[in-house]
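Copied over from Swiss-Prot:
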type    : residues                         : note
BINDING : B:Cys6, B:Cys9, B:His27, B:Cys29 : Zn(2+) binding site
MOD_RES : B:Glu56                          : 5-glutamyl glutamate
MOD_RES : B:Glu56                          : 5-glutamyl N2-lysine
MOD_RES : B:Glu56                          : 5-glutamyl 2-aminoadipic acid
MOD_RES : B:Glu56                          : 5-glutamyl N2-ornithine
ZN_FING : B:1-34                           : zinc finger
Amino acid sequence: MIIGVSYDLLRWEEKDIITEARKSGFKAIPIFTKDFYSIVGVGENHNELEADVIIQRNTSHARALTTSLIFEGWNYNVVNDATSLFKCGNKLYTLSLLAKHNIKTPRTVVTFSKDKAVDLAKKIGFPAVIKPIEGSWGRMVAKAVDEDILYSFLEYQEYTTSQFRQIYLVQEFVKKPNRDIRIFVMGDEAPVGIYRVNEHNWKTNTALGARALPLKIDDELRDLALKVRDIMGGFFLGIDIFEDPERGYLVNEINGVPEYKNTVRVNNFNVSSYLLNKLREWIKK
Amino acid sequence: MVLLKCPICGNDVNVPDDSLPGEIVEHECGAQLEVFNSNGKLALRLAEQVGEDWGE
Ligand SMILES: [Zn+2]
């Protein structure tokens with residue numbers, strides 16, 4: 001099997017995929033996005049890129065989406081494909097699709113006016129969380145304890161450079177324990193996950209110093225994760241789940257290019273090798 | 001190892017032979033550098049700043 005690895009930044013995960021692929025006797029071809037180009041048009045030759053499957057690992061969401069589109073246009077198998085990356089990358093798209101398929105999520109309002117956002121936030125209750133429609137690593141996500149603070153955050157957002165700066169997304173602050181759950185789906189399995197615990201910050205992104213602890217995946221979590229994958233598409237997903245004391249599991253966000261260094265470390269589970277084996281099974285079919 | 005020049009301070013930087021483009025190298029001058037392929041040879045340039053759309 002020949003594996004292309006599409007990337008812009010060589011993090012631990014990208015190196016590990018290349019190392020594990022070579023250990024298993026696969027050929028791994030690094031595809032550095034910043035040196036990459038495409039000439040679009042009938043008859044343009046792209047056959048020099050030999051790969052049975054391309055793993056999408058760009059840190060930049062725009063580069064990930066664009067290169068997945070290009071590879072798909074060339075008829076390669078891409079994990080993840082552009083459509084599922086787009087669904088995951090846009091929080092409103094994610095939440096709408098989940099709700100449509102009866103998957104519980106935090107209560108969320110979306111408006112195009114700041115006053116309306118504050119009105120609606122009063123209905124879902126304070127504290128409320130404001131977050132950009134697109135964005136990662138917890139950037140620009142803020143918790144407002146009252147109306148005044150929420151209004152200030154809405155004003156701040158309006159003066160950012162985000163293309164979605166005039167779309168206001170406000171979410172209930174889920175009274176979860178000081179942790180959330182991250183489950184990894186690979187193909188038709190959800191074999192591994194972590195708790196992300198942060199005693200000092202309500203944000204549980206490991207990029208912001210949350211600790212990872214091993215998670216035992218029960219049938220309910222596994223079924224939920226696989227249902228989410230059916231809705232979102234894609235082959236390799238990181239699903240973020242909150243535990244609500246009354247409503248149970250709420251799906252919060254889904255990552256289309258998930259990081260998993262800490263998952264490997266605390267679970268002693270080889271994510272890259274598992275993913276590669278699942279890809280081989282898939283390619284054979 | 002390959003001996004390269006830091007584009008910021010001009011001092012030497014040793015980079016492993018099997019380095020790939022996109023690999024990040026922290027130099028002692030404080031610069032964060034990125035390995036790239038310059039006409040078939042490894043070279044260094046200032047690493048890109050974290051982008052608004054970066055993340056998982
Ligand atoms: Zn230097």
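Any Cβ shown, glycine's included, is placed from N, Cα and C.
Listed in sequence order, the recorded positions among B:Cys6, B:Cys29, B:Glu56 whose CB lies under 6 angstroms from an atom of ligand 1 come out as B:Cys6, B:Cys29. Residues from the set of recorded positions B:Cys6, B:Cys29, B:Glu56 situated with their C-beta under 8 Å of a chain A C-beta: B:Glu56.
Ranked by Cα separation from B:Glu56 (5-glutamyl glutamate), the binding-site residues B:Cys6, B:Cys9, B:His27, B:Cys29 are led by B:His27.
Surrounding the centroid of the Cβ atoms of B:Cys6, B:Cys9, B:His27, B:Cys29, where the record places Zn(2+), the chain contributes additional residues within 8 Å, namely B:Ile8, B:Gly10, B:Asn11, B:Val13, B:Glu28, B:Gly30, B:Ala31, B:Leu33. The helix, strand and coil residue counts that DSSP assigns across the zinc finger (B:1-34) are 0 helix, 14 strand, 20 coil. Averaged across the zinc finger (B:1-34), pLDDT in this predicted model comes to 95. B:Cys29 (Zn(2+) binding site) counts 12 other C-beta atoms within 10 Å of its own C-beta, drawing on all protein chains shown. Reduced to three states, the DSSP call for B:Glu56 (5-glutamyl glutamate) is coil.
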